[in-house]
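**Student:** What TrEMBL lists as domain 'CheB-type methylesterase' is 134-318. Summarising the annotation, TrEMBL assigns active site to Ser143, His170, Asp263.
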Amino acid sequence: MKLGIIGAVESTALLKALQTKHQLCWVVADPAQALLQQKKMPVDLLLVEIQPLFLTESIVLLRQSFHCPLVLFSTDGTDHTQLVFKAFGLGANDYIALNEQTTAELLLRKIQQQLLLLKPATTPKIRQVAADKQLTVVAIGASTGGPASLNELIKALPADFPAAIVIVQHLDGKFSSGMASWLGQEASMKVQLATAGELLKSGTVYLAAADQHLHLSAQGEFYYSDTPSPSLFKPSIDVFFESLVCNWSGTAIGILLTGMGFDGATGLKKMKDKGWFTIAQDQASSAVYGMPKAAVHLNAVTEVLPLDRIAERLIKLC
């Protein structure tokens, strides 16, 4: 595959790995030069170094001009969490910190994950207290393209939304708290990480922490585990959806948003079979129509909706 770089990758080992597995077409200093090079030699994926002062303008310009994945990278060792999520909201696809611990294998895997998306889709402790069982739980699963979709969905819901929302997003562990903070910047509802031992509350958005599977107990209390799962991801969407089906005696709504693969499809089917309403994001508004498509093929979906209509539907259902 053909790659382009905006910025400086100083590691000769990483550059050599890129050139071994892919065709490195050009390396330029800024987006303006990249636009010129793209006209001469189009690329399939763009690696973009984070430049804090110009990141917003750069991502907007590049997303308008490059119809390919944009993978952000940094080399300065700085915590760019807020910038990264802002860029995700503008259309960037992924991020990797290039430092002494970054292996060529990790960098190549990040690139391969994005290049796969270019392929055409084939024809998808017991407690004295407990959460209010009349409370509706809205369970949302998302993967590739999820941060931007979740931001659009959550900010469209009112502060007094009468349900608890639980999000399971495939994400590197170090970005969990950053994503919760980022989502909360434009949301009317309170957004926070799901904490072990915490009880569900209405009007709150909970984001699953990474690196372990999130569950909900019969008392409406969060807990985490390392339960084996067919999914390669921690947290797994299926694991949380299935814990709801097994433990929650109240009402729930399941939603599967954009993402590659099939995590969440089986769990969504079990939610539908229990009589709960389920929603899948449609193909046109999905960055990757993988997980929603898999759910549709399993007959796990009550309604397929474009992203901009899901909040409206939730308000009517709740």
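Just so it is clear, glycine is given a Cβ too, placed from its N, Cα and C backbone atoms.
Not measured: the values here are computed from a predicted model.
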**Student:** Give the residue from the active-site residues His170, Asp263 that has the most other Cβ atoms within 10 Å of its Cβ, counting over every protein chain displayed.
**Tutor:** Asp263
**Student:** I need the CA-to-CA distance for Asp263 (active site) versus Ser143 (active site), whole Å please.
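**Tutor:** That comes out at 9 Å between the alpha carbons.
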**Student:** Over the domain 'CheB-type methylesterase' (134-318), what is the model's mean pLDDT?
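**Tutor:** Average per-residue pLDDT within the domain 'CheB-type methylesterase' (134-318): 92.
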**Student:** Quick one: give me the count of other CB atoms within 10 A of the CB of Ser143 (active site).
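**Tutor:** Around the Cβ of Ser143 (active site), 23 other Cβ atoms lie within 10 Å.
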**Student:** Compute the C-alpha separation of His170 (active site) from Ser143 (active site), stating it in Å without decimals.
**Tutor:** 5
